[in-house]
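**Student:** The structure is given below, and queries will be raised subsequently.
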Amino acid sequence: MSEKGCCDSLCECFFDYYTSKILVIRSKKVGTLNRFTQALVIAYVIGYVCVLKKGYQDTDTVLSSVTTKVKGIALTNTTELGERIWDVADYIIPPQEDGSFFVLTNMIITPNQTQSKCAENPTPASICTFHRDCKRGFTDARGDGVRTGRCVHYNDTVKTCEVLSWCPLEKIVEPPNPPLLADAENFTVLIKNNIRYPKFNFNKRNILPNINSSYLTQCVFSHKTDPDCPIFRLKDIVEEAEEDFQTMAVHGGVMGVQIRWDCDLDMPQSWCVPRYTFRRLDNKDPENNVAPGYNFRFAKYYKDRDGTETRTLIKGYGIRFDVLVFGQAGKFNIIPTLLNIGAGLALLGLVNVICDWIVLTLMTRKQHYKEQKYTYVDDFGLLSNEET
């Protein structure tokens, strides 16, 4: 019997048909709750979705290309090189990069190196006492050359393994402080940025139409006086990131130049302009300062009159500037507009569901409301053609 009763109940539920019934409840509490919830939904749809988030627009992300050109002159006077002028060809290494550029600010110079034999720099792996401590032909990945098998004097108190290498070897010392190219803070860089929103066939560049050649030759970017100028002083970039250029120039580092293009293409195109922000990208944690900054080695090669190859080794420290471009454009489109309107109407329908649940669950006369809300009608059949 129980199995048959269960099957009958399932069949009744399956073949039930529900139709809407309007029940008007004259209650200040329920009416106030209903209107307040509806007002919240309408404010959300209109204020947040449509106005703030521009839900009536279709969007596209930016495609970008960046080129840079640095200008500036620096003077150094060192024991190794004497008095020397440094121009763009000397301190921009390499000459062109994709979306970034490196400016040399400090260096350790080892001049007049030749292919010869000399004692390794003292390390726990290279210090020796006898020739047998130095295996001939051994190459230490962290060493300076190929060992000859001899243990020789590095100085009066220390003996190290002899190597075949570029001698004299680079000395293990801290970079100069203050930095050698301290004048680099006054260098300027022209950043040319072209952007495109392919979905809307929209193109623009950061050299705006109102900028002419005479203005470009004398302007320097400033948030207050020249926010549209694409020429930046390196010191200003670093200071905008709340860093000190001279301190950063000693060991080097990485700076980010962020260009943001957020464009509302329903407005005039002149309103679509870049916004510049700056920040330091490399780690500057005082408690974790192992291998700080940014450096690499490069060499300049020469040949003497007798054909001997000589080089000047430079361990260069400097600041790499990465130009990062972000952006999103929006334009009116009927499809997202209808989708968001439909979502808003669905939310308004949900308000009725919430109010019904409150009335039928929490109100003191919930049983009476339930009786008025639901009416059960037995099967009355379909009208035949004759009855119609």
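Placed from the backbone N, Cα and C atoms, the Cβ positions cover glycine too.
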**Student:** Going by TrEMBL, tell me which one of Cys128, Cys167 is disulfide-bonded to Cys151.
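**Tutor:** Answer per TrEMBL: Cys128.
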**Student:** According to TrEMBL, the disulfide involving Cys161 connects it to which residue among Cys134, Cys167?
**Tutor:** Cys134
**Student:** Can you tell which of Cys229, Cys272 is bonded to Cys263 by a disulfide, based on TrEMBL?
**Tutor:** Cys272
**Student:** List every residue in the same chain as Cys128 (disulfide bond), at least 6 positions away in sequence, whose Cβ is under 8 Å from its Cβ.
**Tutor:** Cys134, Cys151, Lys159, Thr160, Cys161
**Student:** Including all protein chains shown, what's the count of other C-beta atoms within 10 A of the C-beta of Cys151 (disulfide bond)?
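**Tutor:** For Cys151 (disulfide bond), the 10 Å Cβ neighbour count is 21.
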**Student:** Rounding to the nearest whole angstrom, report the longest C-alpha distance spanning Lys69, Val70, Lys71, Thr188, Asn295, Phe296, Arg297, Lys315, listed for ATP.
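**Tutor:** Greatest Cα-Cα span of the listed binding residues: 24 Å.
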**Student:** Of the binding-site residues listed here (Lys69, Lys71, Arg297, Lys315), which is spatially closest to Asn186 (N-linked glycosylation site) when Cα positions are compared?
**Tutor:** Lys71
**Student:** I need the nearest neighbour of Lys315 (ATP binding site) among the disulfide-bonded residues Cys118, Cys219, Cys263, Cys272, using C-alpha distances.
**Tutor:** Cys118
**Student:** Tally every other Cβ atom lying within 10 Å of the Cβ atom of Val70 (ATP binding site).
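**Tutor:** So the number of other Cβ atoms within 10 Å of Val70 (ATP binding site) is 20.
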